[in-house]
Amino acid sequence: MNWFTKLLPKISTANKKGVPEGVWHKCPSCTAVLYRVELERNLEVCPKCYYHIRLDPRKRLAQFLDEGEQEELAEDILPVDRLKFRDSKKYKDRLSAAQKATEEKEALVVYKGNIYGNPIVAAAFNFFFVGGSMGAAVGERFAAGVEAAISERLPFVCFSTSGGARMQEGLFSLFQMAKTSAVLARLAEYKLPYISVLTDPTMGGVSASLAMLGDVIIAEPNALIGFSGPRVIEQTIRQTLPEGFQRSEFLLEHGAIDMVVDRRELKSTIASLITKLTHQPPPDLPVEESV
């Protein structure tokens, strides 16, 4: 330090205040920076490009079911590492990491609640838990939810988002395709409606079983739906796939699903479908939500 700098007055600068974490969210599609409160009010749909941001199951069911009496079902059914499976990491360590990151015990949550006053059973997958994969506990939770619907003669709704069967459980995970299909056949015997909602992504063994067995199959816009992913298919057939292949709009155009519905309209749409399928009076919808 020279004599000149010693003569200069010291200038204090105000501490720079950072923006609190979680106030803003960047859209994964258009990269617009969105105010978190406004985004949540819009049900996690980007107001700029209408991209449907992935939801955890509790947030999804909180948006879907009426406030008030809600009962979680089958939460005591937990995953078990029967095969002592290990790839680059032990399966039990993967489970522990997923449980810590998501604060959930498994990749499926099941609730009994109401939709515009009408009781239903609803299930939702968690893509943030081991890719929403279906293992023995997921299949058992799903079956328990359907059995509860049968017992109380209620409609059943499932929101799927999954990479498929959980490879760390081997054949035990593949058994769940048959189990979930069989229990849904029982639901159909009682003439109780099953509404399947496909969200991004719904792939593999889940898409090949419970996801495509709905009396009405609905998809959120631009959801990736299929068995193998498009990159795997292109590498196998050595051809470029059509634009939009395996997206919900493509599947609707080719008759694989029944409807593509914006998330903000799902509750009113499903409520109307259920009343039609169960021969009940139309639900008392708010004016802005009427379909």
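The backbone N, Cα and C atoms fix where each Cβ goes, glycine too.
The shown structure was predicted, so the numbers you read here are calculated from the model rather than taken from an experiment.
So that you can see what the record holds, here are the features copied from Swiss-Prot:
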type: DOMAIN; residues: 23-291; note: domain 'CoA carboxyltransferase N-terminal'
type: BINDING; residues: CYS27, CYS30, CYS46, CYS49; note: Zn(2+) binding site
type: ZN_FING; residues: 27-49; note: zinc finger
Task = Determine the minimum-neighbour residue: among CYS27, CYS49, listed as binding-site residues, which Cβ has the fewest other Cβ atoms within 10 angstroms?
result = CYS49
Inquiry  = Do any residues, 6 or more residues outside the zinc finger (27-49), come within under 8 Å Cβ-to-Cβ of it, and if so which ones?
reply    = 55, 59, 63, 262-264
Note = With the fewest other Cβ atoms within 10 Å, the residue among the binding-site residues CYS30, CYS46 is CYS30
Cβ-centroid neighbours of Zn(2+) site CYS27, CYS30, CYS46, CYS49, 8 Å, sequence order = PRO28, SER29, THR31, ALA32, LEU34, PRO47, LYS48, TYR50, TYR51
